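For reference, Swiss-Prot lists these features for the protein:
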CARBOHYD  78  N-linked glycosylation site
DOMAIN    170-416  domain 'Fibrinogen C-terminal'
DISULFID  179-208  disulfide bond
DISULFID  352-365  disulfide bond
REGION    424-445  region 'Disordered'
């Protein structure tokens, strides 16, 4: 008989003893001790039935407590059984009277070490995988955000495509034969305008630089950031390349044919201004009188009357680099034909335009070269060029031939407007005349 059954039997016997006549016989009922009303017995004195009712009211709680005790005893019995089974298992594998087998402890120790090593290895592997998972999660989150941004951009573009096409570049309505003509007609804002020189068959777009004094400069060339490659062929230099912008903040070459049509159209000669900026932000200019570019039949020959002035110096007149006594003569530009890599018209036995990677009025080869290779930072060297020649954006009378300009501008204006509100004082009497050996006088129909 288990303990739960013994306990239940004990409690039942005790209850029967209370209910038996023997137990009740010891109780002598008197009025003093019996007829005292007690809510536990109802409205009756504690007769046998009253006590029975009283005990019955507690029977449910007693049964519950008994069941709880039985459950506890059952769990204890189960644990005891499990402990006995475990002891039996230990006794099977361990006999205190039997000495351990040779190497048993060492083998168990080695197995334990190996297990520990395996556990550590898997822990390290898990850490590595966790790190990789976090990295991939970061990439996923980043890509998800990028995809969201791209979807938004696509939605914006789709919405934009639903609208009628609009020209986002502002082109002014005023037209004329050059930018000064446009300024004379009342234009006061720099920007893009259409002009039609006298002998042009159709109008074309130019950038006009108009100042507060009413001067209208027609811009022929701009270098700003190296965004445009100036290594172009003859046709590209003829027609022009790059980008014209309303703010004048893009690189371009207007085109030799357009420059020819503008510069040759008027009885009033044009002045050419060259503006330079180095990588320290310093600026300088060089002005030339009676600037003209001939027709294609004459290889777009450059001519001018004389150097007016400017702190950049007269590089168009050549420069003595000290390499040869004839340096100055063979690096002058007045009267030179235009050359490109595929149309060589220079005085050099080789091809200046090809070795310098540009198009320009080459002699043998140059002292001023504004269409050269754009070198970030300005300074470059012979070893950094493909052929060992100075091929940067140079102006030898202001900087060395191994210093490439940061920004350049070539622009023209009618000569009689040059000194009006310009801020630069050029005196004709002090102007430097071109020497006889460089002077060129060419008539074009």
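Numbers run from 1 along the shown chain.
Every residue, even glycine, has its Cβ placed from backbone N, Cα and C.
Tell me about the setting of these features in this model.
Secondary structure from DSSP puts residue 78 (N-linked glycosylation site) in a helix.
With a 10 A radius on its CB, residue 179 (disulfide bond) counts 27 other CB atoms from all the protein chains.
Neighbour count (other Cβ atoms within 10 Å of the Cβ, all protein chains): 22 for residue 365 (disulfide bond).
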Which residues in the same chain, at least 6 apart in sequence, have a Cβ under 8 Å from the Cβ of residue 78 (N-linked glycosylation site)?
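Result: none.
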Which has the fewest other CB atoms in a 10 Å radius around its CB: 208, 352, the listed disulfide-bonded residues?
352
Between the Cα atoms of residue 365 (disulfide bond) and residue 208 (disulfide bond), what distance do you get, rounded to the nearest Å?
31
